[in-house]
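First up is the structure itself, then whatever we jot down about it.
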Amino acid sequence: MTKPPLTLYLAAPRGFCAGVDRAIKIVELALDKWGAPVYVRHEIVHNKFVVDGLRAKGAIFVEELSECPDDRPVIFSAHGVPKSVPTAAQARNLVYVDATCPLVSKVHIEAQRHADNGLQMIMIGHAGHPETVGTMGQLPEGEVLLVETPEDVATVKVRDPAKLAYVTQTTLSVDDTADVVHALQQRFPLIVGPHKEDICYATTNRQEAVKAMAPKCDAMLVVGAPNSSNSRRLVEVGARAGCQYAQLVQRATDIDWRALDGISSIGITAGASAPEVLINEVIAAFDAHYDVTQEVVETAVENVEFKVPRVLREPA
């Protein structure tokens, strides 16, 4: 039986970003240096395949520092942690390595700087996401106000409208965030923003690639985890950019082939914490069902690399 033809558009950039790559390397190098087990507070990155792979090598994932023993190293996830976490680790004399993405750390420093200058902080982010919790936890409880939507901006209660600054989560929708920033600037004309956009280069680049790809596609799949903020945003961006069917899949086994019946083109991308092996698995699944012609939609070239902490570059 002849397979139906399918044009498969592959977004570039896609998949791993520099912060995720660094965080995974940190866990692997810590296991090399100190042996198993190494404890990791929260999933190092939001991807089950990656976490399961590290668990098999001897990483133990916990949600709280209190679950870590005193005599084993602990790593903080790429999303960042409240200031209270390293303080508690120091009080227990724990060996710890902070795998917070440097671009998240930049937001932490920004929030602290604005607070030191007497400005009240507003954070644009998703409630409960570990990155939001970590950034808000850089300052005393109640000092950072959280807004998610322009509607939230209308009701937020501030101390002094003339003394405000905002930061954002790094993995948000660029367009949605622009709407929230606009609402903040309309209501609080004196609000201070970041010197450089807080939404990171990788989030922005992956969304731009999807915007370029989506209008060409009958359907689009984003390889990523349901708890990955940046992956979920890619699905939303694809739908908004005109793709009729945009769906999140963790692996090829999640593909709903019935929903794709009759398509002649598909777009494939992946969130920043999804490894290339899972993307290749999805492409192989389409190769098995269709006569595939592959086209790359490239909107940016990435060559960012972040060094791992010095403690892991030194011999044991």
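Note: Cβ is positioned from N, Cα and C throughout, glycine not excepted.
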Check Swiss-Prot for me: it has CYS101, CYS200 binding [4Fe-4S] cluster, so pick out which one of CYS17, CYS243 it puts in that same site. CYS17
Going by Swiss-Prot, HIS46, HIS79, HIS129, SER228, SER229, ASN230 bind dimethylallyl diphosphate; tell me which of SER265, SER273 is listed for that site too. SER273
Other than CYS17, CYS101, CYS200, which residues of the chain come within 8 Å of the [4Fe-4S] cluster site, judged by Cβ distance to the Cβ centroid of those residues? ALA18, GLY19, VAL20, ALA78, PRO102, LEU103, VAL104, THR170, THR171, TYR201, ALA202, THR203, ALA272
List which of the recorded positions CYS17, CYS101, GLU131, THR170, CYS200 have their Cα within 10 Å of the Cα of SER273 (isopentenyl diphosphate binding site), in sequence order. CYS17
At the level of the C-alpha atoms, what whole-angstrom distance separates CYS101 ([4Fe-4S] cluster binding site) and THR170 ((2E)-4-hydroxy-3-methylbut-2-enyl diphosphate binding site)? 10
Could you give the Cα-Cα distance between HIS79 (isopentenyl diphosphate binding site) and THR170 ((2E)-4-hydroxy-3-methylbut-2-enyl diphosphate binding site), in whole Å? 9
Pairwise CA distance, CYS200 ([4Fe-4S] cluster binding site) versus THR170 ((2E)-4-hydroxy-3-methylbut-2-enyl diphosphate binding site), rounded so that it is a whole Å: 5
